[in-house]
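Q: Right, I'll just put the structure down here and ask away after.
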Amino acid sequence: MAARDPSDDSLYPIAVLIDELKNEDVQQRLNSIKKLSTIALALGVERTRTELIPFLTETIYDEDEVLLALAEQLGQFTTLVGGPEFVDCLLPPLESLATVEETVVRDKAVDSLRLISSEHSTGDLELRFVPLVQRLATGDWFTARTSACGLFSVCYPRVSATFKADLRNHFRSLCQDDTPMVRRAATCKLGEFAKVVEVEYLKSDLIPMFVNLAQDEQDSVRLLAVEACVSIATLLAQEDVEQLVMPTLRKCTIDSSWRVRYMVADKFTELQKAVGTEITKSDLVPAFQSLLKDSEAEVRAAAAHKVRDFCQNLDAYQKEEIIMKNILPFVKELVTDPNQHVKSALASVIMGLSPILGKHNTIEHLLPLFLLQLKDECPEVRLNIISNLDCVNEVIGIQQLSQSLLPAIVELAEDTKWRVRLAIIEYMPLLAGQLGVDFFDEKLNSLCMSWLLDHVYAIREAATLNLKKLVEKFGADWACNTVIPKIQFMARDHNYLHRMTCLFSINVLAGVCGPEITEKLMLPTVIEMAFDSVANVRFNVAKTLQKISPVLDPNVIQTQVKPVLDQLNTDSDVDVKYFASEAIAGIADKKITIKTEKEEEIANCTNETNEG
């Protein structure tokens, strides 16, 4: 038999890759791309450079997910091609990928190019990487030009003055491109590029670009200029910001497009930090007022979200005066805004004004607003107020809080509309955590227990789950002293629905109270109710016994639970018998599981002993 040619073995990985990349199944091609690093290792660095990379460059035409995987893989290929010295061989395939139609593929190719740019020496950067950027920046298709925008900032700091001037010129051309997509991409990267450009060229070259983009005919370009404004303002001295940036920013705050105004509102606190306290007082406070009363709800909501942070960042010596005179009147109007998203946004931050304004102003000016929001028809507004009560509690104290806000909460808890009552129940554990156990017992405990007797089933069900969360928060001892005695009393209520609620409460409390409390305090109540005159109660006894059995000791189940279930299994009511038999079977299955687990544990211990 003829000897096998060794060269066949060395060609095998490439042959397999070619076959898989030509496979009709996209998933098969995708898998082969994901294994590129393995194939490169098999080939070695030289053949990876001379065969694999050229092959990949020539065959870049596939489904987007395959190209995306390839773009990602190539960014991690530096060591596989021989290290930084040979990293330039990765540029051709990535350049091709940076020009494809699909945005996510181009973005990933740019990410990989940015990664490998740091691997280039200064000489290679000027010789190979910068020409790539220039080719992309002057490409015929907008796809190439958009990709180029993300590469300027990574190569600019490391090249000579001549190349820097050329890069700035190319970036200027992209900012003035006829295609809106290219101008958007350039605007998006303007702030990043500004951070690496020398201050003199920032003022002479990039600021004019920023001003033009902020006045672009496309609002999608103008709104991105607002983001660039933040980066540029942080790089300039105070007087330069006033002279070069603020005229443009003032125009953005009253832009005809609500999307641009929304972006200003969204970036407002970042702009505030960038421009400093003096410009904030003279320019941003009036601008903020304008945004808070904007005609578009989305803009008002974005500005409302920033109220607390904006006020917090004001000049410490004038903070209170500026808020009381210039901000609070507009905040008062937003409390009754017709749009629920605006009211919700404000409610999420308004409590944060309390520590800023102090006790007197909180009591006089903010508490009336909180009361209005607590009674708002939108549940999210109410939740946001209740969620942040601790901010107010720290400032005005629990006594003042109980006299002002808690009556409103209690009023809502007793509302004639059951959905309003349900909303307050859901907030109660949160409120309890903020007020503490002593205050809760004094003011709200009786309210929580009264919900268990509500005439609406959804309220009674929510009240039992509320009890579970409260016990998780306050502990089992609190449950023994406060909750369980009242539940035991319900077992003798004349209304059978209340007796069933007693069982439902035990169902949820057993798990959080633990075996000892369940066995001593709750199990006797359940067993007593097995003799109830109403069949619905009796079959719920069977269901409860099955539910709490995992918490109970096996001996207790055998001596106390099983006899009761056996008795219910002979009940005259068919439903009681059914649920009793289900409970018996369920508990038996549980015992078998426990037994099997114990047998395995004993067997493992025996094996360990024998091995020892």
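Cβ coordinates are placed from backbone N, Cα and C, and glycine is handled just like the others.
Note: TrEMBL annotation is automatic and uncurated.
So TrEMBL says this about it:
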DOMAIN    26-271  domain 'Phosphatase 2A Regulatory Subunit A helical'
REPEAT    167-205  repeat 'HEAT'
REPEAT    206-244  repeat 'HEAT'
REPEAT    245-283  repeat 'HEAT'
REPEAT    284-321  repeat 'HEAT'
REPEAT    327-365  repeat 'HEAT'
REPEAT    366-404  repeat 'HEAT'
REPEAT    405-443  repeat 'HEAT'
REPEAT    522-560  repeat 'HEAT'
Q: State the mean pLDDT for the domain 'Phosphatase 2A Regulatory Subunit A helical' (26-271).
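A: Value for the domain 'Phosphatase 2A Regulatory Subunit A helical' (26-271), mean pLDDT as a whole number: 86.
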Q: Please report, as numbers and ranges, the same-chain residues at least 6 past the borders of the repeat 'HEAT' (366-404) whose CB is under 8 Å from any CB of it.
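A: Beyond its ends, the repeat 'HEAT' (366-404) has Cβ neighbours at 331-332, 335-336, 340, 343-344, 346-348, 350-355, 357-359, 411-412, 423-424, 427, 430-431, 434-436, 439, 443.
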Q: Do any residues of this chain, six or more beyond the ends of the repeat 'HEAT' (327-365), have a C-beta under 8 angstroms from a C-beta of it, and if so which?
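A: Same-chain contacts beyond the flanks: 285, 288-289, 292-293, 297-298, 300-302, 304-312, 319-320, 372-373, 376, 378, 380-382, 384-385, 387-389, 391-392, 394-396, 400, 404.
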